[in-house]
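What TrEMBL lists as FAD binding site is A:Glu13, A:Leu21, A:Ile57, A:Trp341, A:Gly348, A:Val349, A:Ile350. Taken from TrEMBL, the feature NADP(+) binding site applies to A:Gln128, A:Gly129, A:Asn130, A:Val131, A:Arg171, A:Arg172, A:Glu183, A:Gly348.
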Amino acid sequence: SAHHRLARVDIYEKLPVPFGLVRFGVAPDHPEVKNVINTFTQTAHSDRCAYYGNVTIGKDVMVKELQRAYHAVVLSYGAEDNQILGIPGENLSTVYSARAFVGWYNGLPENRDLKPDLSSETAVVLGQGNVALDVARVLLSPLDILRTDITEGSLAAIACSKVKRVWLVGRRGPLQVAFTIKELREMINLPGTRPLLDPADFTGLGDVIKDVPRPRKRLTELMIKSALEKPGEKEAARWASATKEWGLKFQRSPLEVLPAADGKQARGIRMAVTRLEGSGESARAVPTGEVEELECRLILSSIGYRSLPLDSSIPFDPKLGIIPNSLGRVQGAPGLYCSGWVKRGPTGVIITTMNDSFDTAQSVLEDLQMGVLNLSNSKEGFKSVRSILHSRGVHPVTFSDWEKIDAAEVARGKLAGKPREKIVDPQEMLQLISH
Amino acid sequence: MTVHFINRDGERLTATAKEGESLLEVVVNQNLGIDGFGACEGTLACSTCHLIFEEDVFQKLDTITDEELDMLDLAYGLTDTSRLGCQVCVKKAMDGLTVQVPVEVADMRRELEVENSKIKG
């Protein structure tokens, strides 16, 4: 909006509360990452910006109706679903997507009744990205570190958890791990834990990484150091007294989740041992024929998020899981744009998605300047959407309504010594603002 | 003191800086129009305050920590003279300093698209 002094932007959100993954995805023990909420809040306070929560596009109002009301519509609804494993046993009761587990501890309403089974010692996380590290860390962290804006219910469940060991299992090798160095360093230094890294996975790796780009090189060097070098005095003492542990298993591709005697829970996972063809980021895991089993009950699948089609009128590529577009302009749909994960796929950190949004905004501004968007037709904006929503019995939540919910959460948190106690029931949120 | 920021579009933004202020604080305090700069507010949880320095200035900056390197590793357009603005504090010897806000990958790709469309005619 800073680049076009007359532009008005209205934001529609399905949940009553804003901020998406910054509220529901970022780990509770990473509060600095959530500082970006202050920038968002500043934008929302602009008199040319309005927020309307509790409005489901595709149900309460259709995209075509939005296009009649606005000169431009930007779809940035992200990736609400997860990739499925596609293996037998993945629907056993103690197998969960990491997405649902993260939603559970972060207070996402749809995951509040997850009740994950934390009653056995060994947990397996399939995937080696930052989300995999997040779930491992939340499972193993000392409770005083976790006492943040994590929900009361999940903190209580974790306090009773029997989980002592978490394996992060990847189909490929150490050079293909998707997590980043800050998160890995945090895991290596996690109080009360020790890392289980097989030296055989890292021997000779130092030579291979001599010429790779610095980020991959430093990340690999940190793993090599932790696996092969003798720890310093402090670290050695911590590892010796650790009651919990985590480790990385490489070149294991899940084949089947094995059922327990009751046929409902998992008792283990059968995996194909793989070898790598090619190298670097594009290396492929190929089964060798050898198979291995790992005993465990809790299995968390952390193999990626997935976007869903919003509304049948919008083009969607189910294979890539994105809205077909060129620089954020939806193909074959003038006036329709997309940004973020639904545009590029569900990877990257906040800066990646932020830059991508600036990119889409640039396309919108260009189209405004070049006359691609016909401004001679005046549009009613929220005025017409309001009457549509009213006729359908939908009451949007404004930003100042959110600020009431925010204040209530902070007040409740104070009583518990936490930055906030998240409200996980949307009905309770609506009651609070008297809707 | 004076610090110059070359913005992504090439515009030179000149700001007054106090000794000891970080370059992020200068951008915030002087309200400079650099989109999305300093999202995590100087807590080493992002790389949006990434700045590119001239070689001779870069060599004289305080040693970089592992924590800064960890976040810098995720920055777009990383160079050999890159630092995070929240970790670099203004010193007297830096009066008149010029730093470059990195051009994002998206911007480079847009230029390529424009060039390609020109070639296709």
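Backbone N, Cα and C atoms are what each Cβ position is placed from, and that goes for glycine too.
Any TrEMBL annotation is an automated prediction that lacks curation.
Here the features listed in TrEMBL are placed on the structure.
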{"residue": "A:Glu13", "record": "FAD binding site", "CB count, 10 Å": "20"}
{"residue": "A:Leu21", "record": "FAD binding site", "CB count, 10 Å": "18"}
{"residue": "A:Ile57", "record": "FAD binding site", "CB count, 10 Å": "19"}
{"residue": "A:Val131", "record": "NADP(+) binding site", "CB count, 10 Å": "26"}
{"residue": "A:Arg171", "record": "NADP(+) binding site", "CB count, 10 Å": "23"}
{"residue": "A:Arg172", "record": "NADP(+) binding site", "CB count, 10 Å": "20"}
{"residue": "A:Glu183", "record": "NADP(+) binding site", "CB count, 10 Å": "21"}
{"residue": "A:Trp341", "record": "FAD binding site", "CB count, 10 Å": "25"}
{"residue": "A:Gly348", "record": "FAD binding site", "CB count, 10 Å": "15"}
{"residue": "A:Ile350", "record": "FAD binding site", "CB count, 10 Å": "21"}
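Those binding-site residues from the list A:Glu13, A:Ile57, A:Gly129, A:Trp341, A:Val349 that have a Cβ under 8 Å from chain B Cβ atoms: A:Val349. The two recorded residues A:Glu183 (NADP(+) binding site) and A:Leu21 (FAD binding site) have their Cα atoms spaced 17 Å from each other. For A:Gly129 (NADP(+) binding site), applying a Cβ distance below 8 Å and a minimum sequence separation of six or more within one chain yields A:Val177, A:Ala178, A:Phe179, A:Ser302, A:Gly304. Considering only the binding-site residues A:Gln128, A:Asn130, the Cβ with the fewest other Cβ atoms within 10 Å is that of A:Asn130. Using a 10 Å Cβ-Cβ cutoff, A:Val349 (FAD binding site) registers 16 neighbours. The binding-site residues recorded for this entry are A:Gln128, A:Asn130, A:Val131, A:Arg171, A:Arg172, and the Cα of A:Val131 lies nearest to that of A:Ile57 (FAD binding site). Note: the CA-CA distance between A:Gln128 (NADP(+) binding site) and A:Val349 (FAD binding site) rounds to 15 Å.
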